[in-house]
Amino acid sequence: MRASGVSKQVSSGGQPLTILDHVDLDVAAGESLAIVGSSGSGKTTLLSLLAGLDLPSSGEIALAGTSLNGLDEDARAALRAGRVGFVFQSFQLLAGFTALENVMLPVELAGLGDARARATAALESVGLSARLGHYPQQLSGGEQQRVALARAFCGEPQILFADEPTGNLDTITGGHIIELMFELNRARNTTLVLVTHDATLAARCGRRLTLASGRVQAQ
Amino acid sequence: MNVFAFAWRRLRRGWRSGELLIVMLALIIAVAATGTVHLFSERVRLAIGEQSGDTLGADLVYRARDPLPASLQASIDALGLHGTATTLFSSVVFAGDNSALASVKAVGSGYPLRGAITLAAAPFEDGHAAHGVPAPGEAWADARLWQDLQLQPGAELQLGRLHLKLRGVITDEPGKGAGFDDLAPRLLINADDLAASGLLGVGSRAQYELGVSGARDALARLRAEPLADGVKLTTPQDARPELRNSTRSAGQFLDIAVLAATLLACAAVALSARQYGEKLRDEIALLKCLGARRGFLTRALLLQLLLLGLAAGAAGALLAYGAQELLARALGDLLKLDLPPPPLLPLLEAAGLGLLLLLGFAAPPMLAARNTPPLRVFQRSESGSTATRAITLIAMATAAALLWLATGDVRLAGWVLAGAGGALLALASCAWLLVRLLTPLRRAAGGGGFAWRFGLGNIARRRGATIAQVTALGLALLALLLVSVVREDLLSSWQKKLPPDTPNQFLINVQTEELDALKSFFAAHGYADLQLWPMARGRLIALNGKPVTADSFPDPETQRWINRDFNLSWSTTLNPDNRITQGRWWGEAGRGKPLLSADAYAIERLNLKLGDTMTLDFAGEQQTFTVSSFRTVDWDSFKPNFFLLAPPGAVSDLVPRQYLTSFYLPHEQRALLRQLVTQFPNVTVLDIDALMAQVRGIVDRIVRAVEFIFAFTLAAGLAVLLATIEGTRSERVRETALLRTLGAGTGLIARGLIAEYAVIGALAGGVAAIAAQTLAWVLAANVFHIAYGPRPLLWLIGTASGAVVVCGLGWLSLRSTLRTPPNTVLRQS
Ligand SMILES: Nc1ncnc2c1ncn2[C@@H]1O[C@H](COP(=O)(O)OP(=O)(O)O)[C@@H](O)[C@H]1O
Ligand SMILES: [Mg+2]
């Protein structure tokens, strides 16, 4: 994964606003990177650009060896399918779907076989084998985030993007989630991009990138 | 906290966040659509009513057997209305050596106040609208009198002591019925000549009429005044049965459009309120946590509803006023109707409808949200009771009230409500079955067609929403299909009741010895199977053995009817335009038996029961008959029909009889009539071509008006459907964004969406088609009295069009959510 000279501008209220300013970044396969910085420094924006959820105003981004520039929305989605996993601050499970169905989704989207078996195994690995048929509303926040972790790893992604995965959880539950995430990451040798404003958490990653007002302050 | 302040703040916030927008929009569309249709059909109805004033010669006619009281004329003058007096009586008219009994009508200047007399120079020539009335000393006569007296233009006529110059042939005249009650030939004279004739002395029988026309509100005030003894009021609607039926049917067709619009409104508001109620649950749980009491929540919710209802009602009513005005501007010329100004009452009703809709359809699901336990703050699945049964009952009761209010026609509203209720039940059960059926798809994994499995699985996943959506969409489609079925099938069968070859000529006074000659005359001119009906004229002299005269009956209509001869015919077979309602038709077995079959009008006038006996005097020959069956007769069929029928052989051979028939004569063959009267001079020709054209014109106009209103209802229905689908937008946006981040392409998401909506649409459409057709069939049989059979093709069309329409609307509404950028997921909480 590579970003070179990436900038992002948006116009808010007619005035151009620079959210990211010439960010250069290189993440090798299997590496883990923490993006840190205070709230509003552009962490989420950078993550969404790296994952191809959005396009930069200028600069180049390559994901899994493929340049994202010039790819349309669908092509970028196809690139993500089966390669990329996500964990969000607000869990983002589909309400009408059971835990199992939520976890099966990326596998099915990637067209991999055995969705059910994989999803069951993934939920087992996060300790939720007893909650397969439960709906997100029936699960606590920590349990929901565990389902989200299962979903993220189930498709055996090469890269995992996590945006403040413990932001909505208490310290103890958050700690469990983090342990689980690093454990799964280690076992699968997944590339990890973790956004956080927690310094101890960032310390557990192989590298850190500090953002301030959209600029790389330290790497 | 102050409830009002809270409700107000809540409404403003809900408005800004858009969640109330859908409820409000549905409500406004509902009020606007019903209001527009209601208002416009009210105007069309009024206009059609006035139009038939042309056929009566006035907007209102007062009738009495004595000169009308001077106070009536005073009221007419005081209200600024126009009045014109007419006197009718029978008298013998002489022309040279010939004489004939004529029905004389003496008219004053200004007659007719509405419509026109058509006048021709000679019999069977084309007529044109006459200017004014016959000058004093002159007379106009109809073709029958010309024929009976063998008149030439300018001939000298004698009426009592009066000598008149003949000036024209009346080919059409307002107030002339198509039945056989007005058989005597007409002579029209100037009212100023009346006294000179010396015919209206003491004890002479005459009918005095006063026609009135003028401004609508003045007419309404005149109608509200009490009638003097012996005075009867006739309005255009009851002037002629065939027009009365047409206007009544027109009213009912318009009612159906109003009902359909109302149903649509109910469906839209119910669905959007349900969606809103679901959204309210989180908030209510939170408020409860913060210490809000139930009473506070109830008051706050009701207050919100009230404010919402008033705003939507007012906005909808204003929109309705504008829309119906646009409709009227656009269609006024096309309809050839002089639309009266819109009545304002329906507007108020429409605004009130907003409130009623809210209370019946929006309040229950919203108030049910009060049952949400505060625990939901932690566990979103705790939803509390939804009290579905109570909600359904309240909704049904409200729908009943709405339908009844919309039409005031209990029977029509009842049928439509029963139909909608049945459809609702069927829709909900089918939706439930569908959810059941599709549940395995949620678990099926692997293999191709993930998009389909995903879309169809979603139907099963959103169980509650699916059932609600299928029901609401189905109800809306039912309304749409109903108006299109009614338009297609019912309207055209109604129009077909007067096919182009409907008889426009009647022949009467055919004597027994002329029968064969007449038949061969017609056979030679292409009318091979002309059916001739025998007819004897009798006078009712006793009912159940008790002697009767006109004075035995209190009401003037029966008195007038009794005073005339009854026309009695006989047959073993019944024409298709007759239907036995009580008793049995005698068929072949009846030959020679003294039985009678009476038509509904005779039953009503004489208050008949089965088994009553009627004694008739046929020119001295008296015979008693027993009433053995009741019939209804379709008088609009323009075929010979009789109030009284007997079996062949029941009427003594000594009784004089004549024959009559009707047939269709194309305009270009009118010369045949001249040939006919030359060859059979004493056969009388009744030419009702002009009347037919008038009736057809009115029917065509009504059909066109109804079609436009239906089209409008259809458009409103589509808007409602769109609104219900729009209600799911925020959920779709969230879902699409997430699927995107997980790597789903636009195509896959779109296919899933289409699969979901196609199945929901097909199901809703299929059930709606069957329901619409059943309802149309019931309405055809019970309300419109026209033949209508099932058309299975419509079920297919309904299913397919349901799928296409719902898919199309879903696409229209949710297409933009397909482009939701995936990074919105990162910005939501
Ligand atoms: N679409 C947008 N329009 C306007 N401002 C935006 C937009 N997206 C992000 N921002 C702004 O950019 C800055 C960085 O946002 P974000 O990347 O979410 O920061 P972080 O995740 O580090 O808290 C914030 O000030 C945010 O308000
Ligand atoms: Mg952020």
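Even glycines carry a Cβ here, placed using N, Cα and C.
All TrEMBL annotations are machine predictions without curation.
Copied from TrEMBL, the annotated features are:
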{"type": "TRANSMEM", "residues": "B:20-40", "note": "transmembrane segment"}
{"type": "TRANSMEM", "residues": "B:253-273", "note": "transmembrane segment"}
{"type": "DOMAIN", "residues": "B:257-374", "note": "domain 'ABC3 transporter permease C-terminal'"}
{"type": "TRANSMEM", "residues": "B:301-324", "note": "transmembrane segment"}
{"type": "TRANSMEM", "residues": "B:344-367", "note": "transmembrane segment"}
{"type": "TRANSMEM", "residues": "B:387-406", "note": "transmembrane segment"}
{"type": "TRANSMEM", "residues": "B:412-435", "note": "transmembrane segment"}
{"type": "TRANSMEM", "residues": "B:467-486", "note": "transmembrane segment"}
{"type": "TRANSMEM", "residues": "B:708-725", "note": "transmembrane segment"}
{"type": "DOMAIN", "residues": "B:708-822", "note": "domain 'ABC3 transporter permease C-terminal'"}
{"type": "TRANSMEM", "residues": "B:737-754", "note": "transmembrane segment"}
{"type": "TRANSMEM", "residues": "B:760-781", "note": "transmembrane segment"}
{"type": "TRANSMEM", "residues": "B:793-814", "note": "transmembrane segment"}
Within-chain partners of the transmembrane segment (B:344-367) [C-beta distance under 8 Å, separation at least 6 from its ends]
23, 27, 30-32, 34-35, 38-39, 42, 262, 265-266, 269-270, 272-274, 276-277, 280, 298, 301-302, 305-306, 308-310, 312-314, 316-317, 320-321, 386-387, 390-391, 394-395, 397-399, 401-402, 405
Would you kindly list the residues that approach the transmembrane segment (B:387-406) from elsewhere in its chain, counting only those six or more residues past its ends and only Cβ-Cβ distances under 8 Å?
34, 38, 255, 258-259, 262-263, 265-266, 270, 349, 353, 356-357, 359-361, 363-365, 368, 371, 413, 416-417, 420-421
Cβ contacts the transmembrane segment (B:737-754)/the transmembrane segment (B:412-435), at least three under 8 Å, sequence gap 6 or more:
no
Stretch contact, the transmembrane segment (B:412-435) with the transmembrane segment (B:760-781), Cβ-Cβ under 8 Å, 3+ pairs:
yes
Tally of helix, strand and coil residues over the domain 'ABC3 transporter permease C-terminal' (B:257-374) according to DSSP?
103 helix, 0 strand, 15 coil
DSSP helix, strand and coil counts for the domain 'ABC3 transporter permease C-terminal' (B:708-822)?
99 helix, 0 strand, 16 coil
